[in-house]
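Engineer: Starting off with a structure, shown below.
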Amino acid sequence: MEKVTSIFFVLLLISSCLILRSQGQFRCKSVAECDSRGCRVGTHVICNEHHICTCAHGSPIGGQCDGVEDCDLSGCPPNSHVICDRIGGNFCTCVPN
């Protein structure tokens with residue numbers, strides 16, 4: 001009986017974790033733990049201050065764009081800025097200042 005109870009508890013714990021993850025409530029420590037497939041074009045995945053994976057405005061560097069307003073403006077190093085490279089195929093990229 002005790003073994004059955006232990007197995008039931010473990011299965012319950014696993015299923016509750018899967019349900020939380022499927023609802024976007026998966027707790028993360030970094031963006032590498034998040035699944036970006038749920039984000040639309042013009043957004044990028046982040047691990048927010050509450051440690052929950054979510055989508056934020058702006059395509060990441062290398063992501064699709066129609067204009068610079070579609071890009072994540074904080075994605076470049078300090079000595080460069082973001083552009084939407086429409087000549088090279090409509091993607092966000094960094095160029096030196």
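For all residues, glycine too, the Cβ spot is worked out from N, Cα and C.
From Swiss-Prot, here are the annotated features:
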DISULFID  Cys28-Cys47  disulfide bond
DISULFID  Cys34-Cys53  disulfide bond
DISULFID  Cys39-Cys55  disulfide bond
DISULFID  Cys65-Cys84  disulfide bond
DISULFID  Cys71-Cys92  disulfide bond
DISULFID  Cys76-Cys94  disulfide bond
SIGNAL    1-24  signal peptide
Engineer: Rank aside, I only need the closest one: which of the disulfide-bonded residues Cys28, Cys39, Cys76, Cys92 has its C-alpha nearest to that of Cys53 (disulfide bond)?
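Structural biologist: Spatially nearest to Cys53 (disulfide bond) by Cα position is Cys28.
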Engineer: Take the C-alpha atoms of Cys55 (disulfide bond) and Cys71 (disulfide bond) and report the distance between them in angstrom, rounded.
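Structural biologist: Roughly 13 Å, rounded to the nearest whole number.
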Engineer: Taking just the CA atoms, what is the gap between Cys47 (disulfide bond) and Cys71 (disulfide bond) in Å?
Structural biologist: 18
Engineer: If one measures from the C-alpha of Cys65 (disulfide bond) to the C-alpha of Cys76 (disulfide bond), what distance in angstrom results, rounded to a whole number?
Structural biologist: 15
Engineer: Rank aside, I only need the closest one: which of the disulfide-bonded residues Cys28, Cys71, Cys76, Cys84, Cys92 has its C-alpha nearest to that of Cys39 (disulfide bond)?
Structural biologist: Cys71
Engineer: What's the CA-CA gap between Cys94 (disulfide bond) and Cys84 (disulfide bond) in angstrom, rounded?
Structural biologist: 9
Engineer: Within 10 Å of Cys34 (disulfide bond) (Cα-Cα), which of the disulfide-bonded residues Cys28, Cys71, Cys76, Cys84, Cys92?
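Structural biologist: The disulfide-bonded residues passing the 10 Å Cα test are Cys28.
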